[in-house]
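Taking it in order: structure first as structure tokens, then the write-up.
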Amino acid sequence: MENQPASLIAWSFGIAASGYLLFAAYLFSLGTEWRHSARPRALLLTMLISACWAGLGTAFALTDSPLLLLANTLADFLRYGSWYGFLILLLAFDKKSVEKTRPTIASWLTPACWVAVISGIALHLAIGFGLISIEHWARTVLFQALLMILLGLILVEQLFRNVSEDSRWNVKPLCLGLGGLFIFDLYLYSDALMFNRIDADALAVRGFVNTLVIPLFIASTLRSRDWTSKIRLSQKAAFHSATLLIAGLYLLFMSGIGYYVRYFGGDWGRALQLGLLFAGLLGLGYLVVSGSMRAKLRVLVGKHFFSYRYDYREEWLRFTQTLSTQDSPQAMGQQVVRGLANMVESPGGGLWLLDSGRTIFCQAARWNIPVESSREGFESPLVQFLLTSGWVINLEEYRCFPGRYGQLDIPAWVSNIPNAWLIVPLMVGTEINGFVILTSSRTRIDINWEVNDLLRTAGCQAAGFLAKMQATEALLESKKFDAFNKMSAFVVHDLKNIVTQLSLMLRNAERHRDNPEFQQDMLMTVEHSVERMRQLMMQLREGATPPGTPCGVNLPDVIERIQRGKINQGRLLEIRLHERLTTRGHEERLERVIGHLVQNALDATDPSGRVWISLEKRGDRAAIEVGDTGHGMSQEFIRNRLFKPFQSTKQSGMGIGAFESAQYIKELGGEMLVDSEENRGTRITMILPLFDLRTESDLKEGDAS
């Protein structure tokens with residue numbers, strides 16, 4: 001302290017003492033209702049002890065009395081102990097609302113904290129009664145302080161990790177403040193241990209550091225009035241805490257060795273200390289990144305800190321996430337292997353699935369194992385054992401105690417897989433869909449009933465995922481065939497219409513073959529039929545709709561052509577053209593749609609009945625009405641069957657034409673309205689958007705730019 005004026009240290013600790021006293025007074029002023037539980041009382045006690053510690057620090061800075069130094073360090077340890085008590089109370093469970101199988105954090109961390117506090121008090125009693133020397137006491141106090149700081153950091157980490165999401169906002173300031181205090185003290189004491197002296201500058205600002213974190217404690221108090229948040233410990237949190245504890249103890253051990261190396265190393269002491277420090281950090285880094293060490297630590301935590309080895313919620317979320325992150329159906333198999341392997345710390349494995357013929361199991365996926373071309377029959381002893389028992393086969397146990405598996409005979413190809421360890425069945429109900437072979441774990445794991453149940457249940461879920469994937473692939477294949485069959489049905493329907501036209505032309509040729517007008521119509525019909533068949537061939541080859549860009553279609557011209565065609569066929573078709581309107585579409589397809597509706601109307605109407613087409617403008621749309629006085633349709637047929645493929649009122653009809661017509665009208669942005677009554681007739685109205693030449697030109701210019 002000779003490098004720092006005593007007055008600065010006194011001011012630093014004096015301000016901290018005042019801050020702690022004011023905060024304690026504020027807590028006391030909140031009333032008896034706030035102090036009804038142990039947590040607020042523990043916080044109040046902590047503030048009072050902290051104020052006492054800071055006051056003793058002020059007195060020591062002013063007097064430099066050894067007795068006050070001893071009292072100050074004792075108060076420092078008691079301050080750590082009071083923070084322990086408060087944090088442990090925050091971490092305590094409400095035992096009535098928590099499963100009895102899950103332990104509290106205090107079941108393993110509380111004894112360590114209180115042993116550290118008691119040993120710190122005993123250390124001060126020993127120096128007070130002269131049982132140990134000043135030098136030995138000073139070194140031991142530094143080690144003891146580092147240990148208590150480490151335990152405090154673990155408690156802060158546990159609090160922040162395990163508090164519920166709703167309550168985490170409340171404790172963030174507390175965790176930040178306490179974490180900052182412990183980290184600052186860690187620097188202060190580790191520096192003193194390494195260099196055998198107290199950093200006077202750090203000691204001078206220690207009081208200011210404590211003062212700066214008091215507002216954070218106040219903020220948490222205002223957010224958590226009664227400090228009653230419920231906190232639960234997960235195995236993942238216990239694993240991280242154990243890692244932090246081991247790392248801290250390791251660093252504490254290495255710092256102690258470094259101190260003695262420097263103390264007894266003479267001229268080489270500092271160089272040896274730095275080299276040892278680097279080697280220690282390098283070794284710690286290796287332990288942190290080592291998969292086998294992490295696996296062994298997980299087993300240690302699960303075996304000694306929990307009644308059950310697994311945190312089932314965490315395992316199930318991780319397994320489901322693994323199955324859900326595949327990029328393609330082909331990657332699903334590898335994800336299944338990875339998910340099961342991660343549960344038992346296995347570094348690899350393979351998946352065997354039943355083929356489509358349900359007779360042979362083949363390797364469908366692998367992870368960190370060689371390709372295996374061998375197959376296993378459905379009737380083999382291995383598959384039948386998995387099917388009838390549903391057990392997870394432990395190959396190590398099988399080699400040592402084959403009698404436990406009855407008449408099971410493991411195939412040679414399984415034994416040839418490097419480090420083959422477990423065989424997990426993938427069951428869907430009472431059927432087996434496949435199995436997974438896992439390689440030996442990174443660490444020794446006892447395969448007990450809990451591991452077997454977990455793997456069996458996870459295998460069932462994985463089998464469900466795989467079955468869903470296979471069903472999806474089969475459905476996609478079926479949809480492709482369905483699309484091809486639907487296209488074939490359209491082609492057959494169009495061919496039927498072409499054949500009907502040509503057949504009618506041949507019948508009329510016997511009477512009108514010498515008529516020039518008939519000859520001209522015949523050539524046009526043949527040309528139209530050839531063009532239509534060419535487009536059908538293109539559809540079959542490319543699987544797409546007929547080519548062509550939509551353009552303006554003159555509706556009166558289309559309707560008049562349809563009328564002429566029906567008159568040539570010997571049927572009368574009335575037309576009423578109120579306006580000459582143009583719509584946007586493919587002229588040939590639109591003529592086919594209207595012609596199909598007209599033909600249906602003619603088929604449904606006796607020769608003495610009426611069939612008509614009317615064209616009028618309704619707002620900014622064209623309305624084309626095809627009506628007849630035929631037998632009509634029922635409301636049930638219109639509601640449930642009309643415009644659906646393979647649904648028709650005609651005995652020889654396929655229902656394809658009506659379906660295609662409705663689909664094309666929707667493509668053009670239009671709609672079809674149906675009004676029909678049995679034995680009275682039908683009216684089908686097509687509403688189509690009008691073609692605006694100016695708008696179309698603007699669109700083309702915009703596309704070009």
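Backbone N, Cα and C define each Cβ position, glycine as well.
The annotation domain 'Histidine kinase' is assigned in TrEMBL to 490-692.
Feature annotation from TrEMBL assigns transmembrane segment to 6-30 (among others).
Residues annotated as transmembrane segment in TrEMBL: 42-62 (among others). Here the transmembrane segment (42-62) has Cβ contacts under 8 Å with residues 1, 6-7, 9-10, 13-14, 16-17, 20-21, 23-24, 27-28, 35, 68-69, 71-72, 75-76, 78-79, 82-83, 85-86, 89, 206-207, 210, 221, 227 of the same chain, all six or more residues outside its ends.
The transmembrane segment annotation in TrEMBL covers 77-93 (among others).
Beyond the ends of the transmembrane segment (105-129), by six or more residues, the same chain brings 70, 73-74, 77-78, 80-81, 84, 88, 91-92, 137, 140-141, 144, 147-148, 151, 154-155, 158, 162, 231, 233, 241, 304-305 to within a C-beta distance below 8 angstroms of the stretch. Taken from TrEMBL, the feature transmembrane segment applies to 105-129 (among others).
Residues or ranges marked as transmembrane segment in TrEMBL: 141-159 (among others).
The transmembrane segment feature in TrEMBL is assigned to 171-190 (among others).
Residues or ranges marked as transmembrane segment by TrEMBL: 202-222 (among others).
Per TrEMBL, transmembrane segment is recorded for 242-262 (among others).
If you look up TrEMBL, you'll see 268-289 (among others) marked as transmembrane segment.
With a threshold of 8 Å between CB atoms, the same-chain residues lying at least 6 positions outside the transmembrane segment (6-30) that come near it are 40, 43-44, 47-48, 50-52, 54-55, 57-58, 61-62, 64, 203-208, 210-211, 214, 217-218, 221. Panel annotation: around the transmembrane segment (171-190), residues 83, 87, 90, 142, 145-146, 149-150, 152-153, 156, 159-160, 163, 198-199, 202-203, 206, 209-210, 213-214, 216-217, 219-220, 223-224, 229, 255 of the same chain, lying at least six beyond its termini, place a Cβ under 8 Å from a Cβ of the stretch.
In the predicted model, the domain 'Histidine kinase' (490-692) shows an average pLDDT of 82.
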